[in-house]
Amino acid sequence: MTGVLLRRFLWRDKWMILWWSLGTTLLYYSQAVSVEGLYATQAELDRAAVSMGSNTAFIAMAGPARALDTIGGQVVWQATAFGAVVVGLMSMFLVGRHTRAEEESGRDELVRAAAVKRHAPTTAALMVALIANAVVGALVALSLISFPLAVEDSLAVGVGLTLCGWVFTGTALLAAQLTSTTRATYGMAGAFIGLAYLLRAMGDVSGIDHGGLLSWLSPIGWYQGLHPFSGVRWWPALLLAGLTVAGVVVAYAVFARRDFGSGVLATRPGPARAPAGLRSGLGLAWRLHRGALLGWAVGMAFVGLSYGSLGSDVGDLIGDSDASREIFAQDGADLVDGFYAIAMLTLALIASGFTVSAALRARGEEEAGRVESLLATGLSRRAWLSGHLVMTVAGTLLVLLVGGTGMGLAYAATGGGADEITTYAAGTLQYLAPALVLAAFAALLHALVPRWSLLAWLGLGVSVVVAFFGPLLQLPQWLQDVSPFEHLALVPVESFSPAAFALVLAVAVVGGVAAQMAFARRDVH
Amino acid sequence: MAIVTTPIEICGLVKTFGSTRALDGLDLAVEEGEVHGFLGPNGSGKSTTIRVLLGLLRKDGGETRLLGGDPWGDAATLHRRLAYVPGDVNLWPNLTGGEVIDLLGSLRGGIDERRRAELIERFELDPTKKSRGYSKGNRQKVALVAALASDVELLILDEPTSGLDPLMESVFQDCVEDFRARGRTVLLSSHILAEVERLCDRVSIIRAGRRVETGTLGQLRHLTRTSIEAELVRAPAGLDAVDGVHDLVVDAGDEVIRVHFQVDSARLDDVLRLLTAGGVRSLTSQPPTLEELFLRHYGDRVEDEAEEASA
């Protein structure tokens with residue numbers, strides 16, 4: 001019976017597993033390609049390696065700085081910590097959706113009522129996650145071997161990744177037994193992954209080129225402790241395997257002792273009364289957006305800090321190849337300025353992901369059938385939609401500000417001037433205007449042709465392609481002009497243009513007002 | 001408060017979705033202080049009518065008045081004077097039931113604290129639970145408490161009890177009766193005929209986007225057939241000639257003659273005269289149930305089967 005379930009789960013998950021595997025493989029393989037492409041000579045790589053190895057922020061983010069003057073060492077350093085988090089998330093989703101989510105929805109009850117052993121669905125879910133992680137590890141190892149990098153070290157990278165995923169499979173399985181809702185399961189399993197990453201970061205900062213004491217409390221630290229491409233050793237793999245077994249055994253023990261549908265930890269009751277802040281259209285919009293906004297703000301701070309922590313060393317780091325000159329040194333401008341101009345644009349494009357999803361939130365609410373009851377109260381259509389649009393605008397402002405300020409702060413902390421804090425914060429903020437054009441596009445689609453609302457992402461897609469590949473692919477000018485980001489000055493290479501900013505913002509405002517008017521006229525479902 | 005005698009007035013309402021004519025000249029009048037039953041099979045246009053009344057859908061033709069105003073143009077102002085409970089209640093998974101009740105109540109312009117507490121108690125609702133964890137019935141209770149605890153003139157209920165157990169259904173019926181006792185008006189769309197029979201003063205039956213019947217239950221019964229079974233001494237003369245007698249079966253036994261038929265309620269008097277002339281030994285008459293009424297209007301297939309079975 002477990003076999004039947006396993007086949008069914010694998011069939012259901014085939015695309016998910018495929019995309020996660022390819023994405024993770026690309027994460028590793030692209031590092032090898034970009035390192036090779038970016039540094040034309042070994043001397044350049046050596047210079048970058050010294051600079052990277054002495055940067056504490058990098059070590060906290062990536063891991064112990066080992067053999068950074070080799071391509072293999074660079075791949076391990078830049079990809080393993082993130083790769084471990086990625087397979088951790090994949091394992092968490094795979095386990096969660098076949099265990100707790102099924103139990104919560106009640107579908108699992110049907111399966112269990114059929115002639116199935118009590119633990120069959122759990123075992124099948126475990127197997128799916130184990131297989132998926134094995135696939136990811138194998139693909140990563142094969143891609144590195146094909147690059148070509150040393151076979152044994154490449155294998156260590158792949159095997160370590162699989163084992164790391166297995167550890168997080170075990171902890172996710174345990175989380176599914178302890179909690180009683182899918183969200184709580186993801187929360188707890190995600191916390192395990194976050195804790196592993198944090199312990200490793202703190203340990204590595206104290207250890208620099210070898211994991212510090214705290215790193216040895218983290219499965220990600222053990223993975224990096226395999227030391228691929230810097231004198232590979234296999235014994236930390238035993239720690240990973242051991243923790244996997246321990247997690248799974250404990251999860252099954254808990255499973256055997258709990259009732260169907262329940263978790264070990266009780267769900268926390270919420271407030272019986274709504275606070276004054278929730279009792280309005282805007283208050284509800286804030287409640288619906290705040291979780292995503294908080295997540296995006298933290299993520300943007302992280303991205304901003306990472307860019308800023310490169311400091312003025314970027315010249316060494318990005319090398320002196322023609323490729324990097326072409327990308328960053330626009331019209332003979334300073335390489336550092338060129339780099340940060342692109343960094344700010346990148347921050348803004350990432351932040352626009354929040355903008356589009358926030359603008360589409362209104363559509364999500366309507367799809368979920370939650371708008372009818374609201375609009376049947378004294379809340380007008382205009383007020384309801386405005387609530388979501390206000391959150392979109394204010395949220396975009398916040399994530400841009402956090403990203404830009406984070407970049408400026410980290411830059412100042414690594415030896416740049418304090419002036420740069422305001423330069424980078426303000427330079428990033430100007431992209432509020434084009435981001436809001438994308439939001440207005442989403443709002444218009446929702447108001448006019450709700451079925452096609454998801455096309456709003458196309459606006460962001462075009463903007464990204466134009467920003468990064470426009471000149472490279474020699475896209476026609478009219479197509480480049482479609483991206484609202486193209487019309488702003490590339491600060492700090494060019495100086496800020498208030499006229500361009502005002503014009504793009506005006507387009508966004510007109511679009512937003514038109515969306516309001518169109519929404520006031522259509523049927524709401 | 002403006003004096004309104006007909007809180008809901010609909011005349012010749014038309015609503016089309018693409019090529020489908022969901023409402024095809026619908027009429028509906030709900031008088032102040034009554035509980036008005038709104039009956040019809042799935043897809044007959046009940047929910048569409050309610051959504052037009054709530055200003056969610058734009059009408060394509062006809063006249064609609066809600067509490068003396070225009071349901072589309074004055075939507076937000078009018079909505080402060082009414083409460084709506086949909087059949088399929090979708091709540092925000094992250095908000096607790098108590099939070100939703102307060103939110104919807106506040107957006108309607110305020111909530112009666114004493115009644116809120118009383119209703120939560122009567123419906124046995126746990127207001128601290130996140131909506132994610134509520135069953136369909138519990139989500140409906142949240143919407144019902146929010147609606148009934150608001151101080152409004154009109155309740156619009158669209159199959160509000162489809163997820164409630166019989167005990168809670170009876171609590172709901174008590175609450176609606178309390179609401180009417182305060183002189184307020186209710187439009188109740190429902191599938192549960194027993195509920196309609198207990199609660200409603202008047203009923204409108206719709207089919208395929210048109211009203212096919214309206215009136216008090218008494219009036220509607222008058223339009224339908226009573227079934228009669230009698231034992232007579234002599235064969236009833238001329239019974240089959242009466243216009244309005246249906247499915248007549250005469251079964252001549254050794255001592256008595258059994259007759260069994262249905263008669264349009266309007267001809268009952270004529271028929272009884274003929275029966276007494278035949279010497280009545282026993283008589284049972286069954287008034288039409290709402291269910292028969294309901295089936296007669298859109299249960300063609302069911303009716304045919306019933307006729308076959310009785311033949």
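Heads up, the Cβ atoms here are built off N, Cα and C, so glycines get one too.
Those TrEMBL annotations? Automatic predictions, nothing curated.
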Segment assigned the feature transmembrane segment in TrEMBL (from A:15-34, A:155-174): A:155-174
Considering the transmembrane segment (A:389-411), which listed stretch of A:186-203, A:338-360, A:431-449, A:456-479, A:499-520 counts the most C-beta pairs under 8 Å: A:338-360
Tertiary contacts of the transmembrane segment (A:338-360), as residues 6+ beyond its ends and Cβ separation under 8 Å: 289, 292-293, 296, 299-300, 303-304, 307, 310, 314, 318, 327-330, 388-389, 391-392, 395-396, 399-400, 403-404, 407, 411, 424, 427-428, 431, 434-436, 438-440, 442-443, 446, 453-454, 456-457, 459-460, 463-464, 467, 485, 490-494
Same-chain residues near the transmembrane segment (A:456-479), Cβ under 8 Å, at least 6 residues beyond its ends: 345-346, 349, 352-353, 356, 359-360, 434, 437-438, 441-442, 445-446, 485-486
